[in-house]
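Novice: Please find one structure pasted underneath; my questions will follow.
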């Protein structure tokens, strides 16, 4: 039996991400804009396969070939003759849906590998009997030989994403360790090269000297004409006794498709901000320029209140074991006007609410850059997973001086956080009905505060290379010590490069604490039309949800390597620890035995102690988090008996079935699918109707070119 944390259960939640109403309200030009942008996102999303594991591209191609040739129902008829039970075939469909949904064979939330929950020989037998195999036996056998073993393997270093012996990653060659990542970051900082769109490959030259290749993602290769920005960077450098060779052209054929569709999108842009944004994105993906992507992001911030919202590029660094390289993602969504009005009122109150946060005014940005904050219904979200809310761009220099946007993904929230009472673990019976009633509204409040005033607050103290500072070195007092601050960011140092492996968890912790702290403010709750007893219940459920999430977070901790695999869940576990350590009966956590006779746990929160005990505890913790972040003070990182209980009773994360858009004449139609594993598979089988086979070939060629970098890892 495979450990349940490495398989997706047959009853995993699957739901249609419904956007039909929002889509049909668009004008024809808006539908065309959304269609071509969605195409760009879907093509770019395939990059994630190459950013996840060595075997992910081949697994994707194998599944794509199977289901493009035969619909899941048709293949199911072959499954019986291949000796599979109904449960085993359903397990295979769930696995395939998981690979498509996560864009690889590692969970996007938690970074653990998942394997097919059926015997390997039965899956092989099914593939051999399939129509795809009958039509192309050599190719299908070759695909199986490439990925069959790794698809099922749970060798210790393959169970989760990580560097060297701690896991698998394709952001680095298999021989790279943490020291290589640190050295590479120092080199990148020295040349003012962003890590966001790079991968790192380490080899020895003929003389035995270590040579690193820093490869930028771009359509153009290293030998193609280079613009003035990149010209001095695409060459060899000697750095600390090693050679660093900066090249480009990673993912080129996939990014070429992205660029083609961004070009087509331009004809349907609603304004000059959108046109300029697309121009900069095209240059960024063509040349490999993060500077161009930043310019595109600036135009995107200036595009206030668009009907169709989007963002695309190498964005979130959660899955890079070092925390600096961005995973490709792209989304297209339509504004939900009613919910957006509430968020707009929150934005109007933001400057006043910032004054409520527990740090001195000097630790806040000089001026609050009023952002867009909208609730969106997602049409397309390509990448490894779909969040509930986003605060972007992630470029600190832009966020600090020019602003950002917040989005809450309304149709994701309504589906992802629907809860069944019988699946509600670790809560007292008397809390469950209240939890189900108020979890949705409380999460809307938390997401709003987390994104706008969590990620949107706080100043980074920076000394530029020329010596100028964005703060007064003779006046800014550290509230923790009562003395002048002693440290700050220097030159090209950024939050991600300075805090590296802990940056994501740390920032999520800070943003979650801001949400907990400010949800106690009655003016905030009135914005969300919550007053009286309803407001009190929302506060209670928001705090209760956080402590329960802290306990659930233990699923995402790997004791063997002492690592956390998910930034948000580590953050929530830390908050649970803070509230437990506050004492005075605020939170209690006890081992129990469930009705099934197996180990269980019960977590309770005393709602009368939230204000007198909980608020001061979060206030102290939040102040310290902000001071360390502002001053670039990287300190050391600092119950696991309950982890087995959490794993025993965990619920698999929902998967979303997304629509496709198709051109029909001069307009666009929307095709939606049923919320099942088969529906999710069908959506992918129909996603690339013109060039699926060519894309599969590109994926295999790109994967083949780098196979040797992981061949010896084991």
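Glycine residues also receive a Cβ, built from the backbone N, Cα and C atoms like all the rest.
Those TrEMBL annotations? Automatic predictions, nothing curated.
Per TrEMBL, active site is recorded for 451. Per TrEMBL, the feature Zn(2+) binding site maps to 450, 455, 508.
Map the listed features onto the structure and describe their local environment.
Specialist: For residue 451 (active site), the Cβ neighbour count at a 10 Å cut-off comes to 28, with all displayed protein chains included.
In sequence order, 391, 404, 406, 507, 511 are the residues near residue 455 (Zn(2+) binding site), counting only same-chain partners six or more apart with C-beta under 8 A.
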Novice: At the Cα level, what's the spacing in Å between residue 508 (Zn(2+) binding site) and residue 451 (active site), rounded?
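Specialist: About 10 Å separates the two Cα atoms.
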Novice: Starting from the Zn(2+) site formed by 450, 455, 508, give every other residue of that chain whose CB sits within 8 Å of the mean position of their CB atoms, in sequence order.
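Specialist: Counting only non-site residues, the set is 391, 451, 454, 507, 510, 511, 512, 514, 515.
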Novice: Write out the long-range same-chain contacts of residue 450 (Zn(2+) binding site), meaning residues 6 or more apart in sequence whose Cβ is under 8 Å from its Cβ.
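Specialist: Set apart from residue 450 (Zn(2+) binding site) by at least 6 residues yet with Cβ under 8 Å, we have 389, 511, 512, 514, 515.
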Novice: Among all the protein chains here, how many other CB atoms are within 10 A of the CB of residue 508 (Zn(2+) binding site)?
Specialist: 23
